[in-house]
Amino acid sequence: MSEELSKKHTTRLNKLQKRLRREVGSAIADYNMIEDGDKIMCCLSGGKDSYAMLDILMNLQQRAPIQFEIIAVNLDQKQPGFPEHVLPAYLDKLNVPYHILEKDTYSIVKDKIPEGKTTCSLCSRLRRGTLYGFAQRIGATKIALGHHRDDIIETLFLNMFFGGKMKAMPPKLLSDDGANVVIRPLAYCREKDLEEYANLREFPIIPCNLCGSQENLKRAAVKDMLNQWDRQYPGRIETIFTAMQNTAPSQGVDREQFDFVSLTRDPNAPMRGDVAEANLPAFDFLDIANSGRIDLDAAKRIDIVNTYEV
């Protein structure tokens, strides 16, 4: 690499790192993801997102005004061709505490799922159960996952289109049994930024399709739709995510989120709007010769606008 290219590479890396660090810091602060004394179990898959999450969290750990531990954990699910040496070698260089767990969920999935069907759903459930249990064993107070903003938005549309639910991935989640708190520090980060960051940092990426499973076709379709929107209407994806943070249950139709049944009017409420302005001059009289402006002198008070007889 030439000196000029190396300089551009470093400049771009620094700029991108600052942006990602700022976005992760904002997400942590907004949702109180990490507190003083926390023991964070950082789940590492070998993909670009989890590498970036660990890298940024370790960076923030050095600058944060609070103290917290980071423990990296990878689950080796015994997929064919999984390079077992890659993650230990990388983590040894970082000098970060880590655990490599081994559980043959691959065989379970292949036994339960017919050939040619997507295995991701069952595989992720088995992985989640193992990681949740291990977090309790080591006394982790938070489990950090590498889902980013695109994952969250895609999940919203997947649940809308195929599940009939307005449901996404929350940046912070309490497990159903109440035993674990899951955090997603990359909730504000764009996937394309994480991909570029991983390339610039030259993380030793492990392919996610070693099991031979095809990508979830429904998720792929939603991703294509969102990418097309992003190209045609710049800023739309940001607006969608902002909308997800500004919900108004009283303006929706979900009876579980708002008590529509008990709504009653207040007969003693002060008059407002059109009722309060009933004694003002009528504004139906426009002076066309004066650029359509209201001619208050020609306006008359209206006692009765229309009378209807039934």
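Placed from the backbone N, Cα and C atoms, the Cβ positions cover glycine too.
What you are looking at is a predicted structure, and each value in this text was computed from that prediction instead of being measured.
Copied over from Swiss-Prot, here are the features:
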BINDING   C120, C123, C211  [4Fe-4S] cluster binding site
MOTIF     45-50  motif 'PP-loop motif'
- Note on the structure: Whole-number mean pLDDT, the motif 'PP-loop motif' (45-50), equals 95
- For the motif 'PP-loop motif' (45-50), the DSSP residue counts stand at 3 helix, 0 strand, 3 coil
